[in-house]
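Worksheet: the structure to be examined is printed underneath.
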Amino acid sequence: MPATPDALSIARDLLRCPSVTPADAGALDVLDRLLRGAGFEVHRVTFSEPGAADIDNLYARIGTGAPHLMFAGHTDVVPPGDVSAWSHGAFAGEVADGQLYGRGAVDMKGGIACAVAAVLVYLAACGGQPKGSISFLITGDEEDIAVNGTVKLLQWADARGENFDHCIVGEPSNVEELGDCIKIGRRGSLSGTLIVDGVQGHVAYPQRAVNPVPDIATLIVALSHEPLDHGTAQFQPSNLEFTSVDVGNAATNVIPAQARAKFNIRFNDQHSIKSLQALIEHHLAAACGNRIRARIEWLPSNAGAFVTKPGPFTDLVTAAIEQVTGRRPELNTGGGTSDARFITHYCPVIEFGLVGQTMHKVDERTPVSDLEKLTAIYRGVLERYFA
């Protein structure tokens, strides 16, 4: 019988696929081959959307009973940037000084590799079949607009009658050291553009114009300083941040007709997207009074806030982490959005993977020892889950 591949070899094979979103570049083929070889029933599903790239996705399951534990993740990666700035090839999967280098090493091909390696070892030890079901739900559409990936793959699986009891997303959840953090939720994300209308005119005749620049500055200050909430036991306060201001005016002697400012809000579970939009519109109306003409164009959002309540599943994962690392992880909801926001509608979900310090950076890398430890943690989860 051939030796079971370890996480390092799987990760290197994945890293050598330059799967910059939305390209797959063979990454799902690597997983397809390994999982079919272990007895999984594997499905490859392509989704389309007008104006977006077609995306290949993978769903694999072994076992037919309960409980059903799903591992979820993505094989697409962000661009490497200036490849000449990398000390090792961005898609070479090289190991140097005990570190595995490559775009996606941390986010999140390394985490997927550890999950696959752990499952293969676990299955080999229990005769090839779990006492329940194990599945992998892997997309190539997470780093960009995320419309043809996890959200549709979950709908497809649900239509087939798939039921999940719990899910682990292998995103890089740890801040400083492996085992320091489990993500049990995420804040939501909502973006928009504040638009202030004025009247264009010559700067020498301001009485004949209405300058939107001072007005938008007033509104930016007002909206930035208006508290949205005071946080909760599991979430920090929501925050609104302006990210750009533009008047589309290259001239120095023309008062512009319009000013625009883009912003993003990261919000906790005290708000829904609709209630938050209403709150911001209320604050805007109060700041405008009867003088300023302003409005907001909202961007579509599917990123609501969610939290998985601590309980037996988080306790089980915590125990597996403590056994391997000696650390008791913090349960928190910090960071950006992830595909866990879609999975939470189907089952309780947590995120636990590698350390995220180098994700999206030049020379993204992870210690090989962390790959080994994360594999051991995932195997510990499997042993406890199906005990």
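Using N, Cα and C of the backbone, Cβ positions are placed for all residues, glycine too.
Under the heading Zn(2+) 1 binding site, Swiss-Prot lists HIS74, ASP107, GLU171. In three-state terms derived from DSSP, ASP107 (Zn(2+) 1 binding site) belongs to neither a helical nor a strand segment and is classed as coil.
Among the features that Swiss-Prot reports, active site is placed at ASP76, with the record citing sequence analysis. Sequence-distant neighbours of ASP76 (active site) (same chain, 6+ apart, CB under 8 A from its CB) are SER19, VAL20, THR21, PRO22, ALA23, ASP24, ALA27, THR139, GLY140, ASP141, GLU142, GLU143, ASP144.
Feature annotation from Swiss-Prot assigns Zn(2+) 2 binding site to ASP107, GLU143, HIS360.
Residues annotated as active site, proton acceptor in Swiss-Prot, with sequence analysis given as evidence: GLU142.
Reported as a whole number, the C-alpha separation between ASP107 (Zn(2+) 1 binding site) and HIS360 (Zn(2+) 2 binding site) equals 8 Å. Distance noted between the C-alpha atoms of GLU171 (Zn(2+) 1 binding site) and HIS360 (Zn(2+) 2 binding site) is 13 Å. Within 10 Å of the C-beta of HIS360 (Zn(2+) 2 binding site) there are 16 other C-beta atoms, taking all protein chains into account. Apart from HIS74, ASP107, GLU171, the Zn(2+) 1 site neighbourhood in this chain, defined by C-beta within 8 angstroms of the site C-beta centre, holds GLY73, MET108, GLY111, GLU142, GLU143, VAL169, GLY170, PRO172, SER338, GLY353, MET359.
HIS74 (Zn(2+) 1 binding site) sits 14 Å from HIS360 (Zn(2+) 2 binding site), taking the C-alpha atoms as the reference points.
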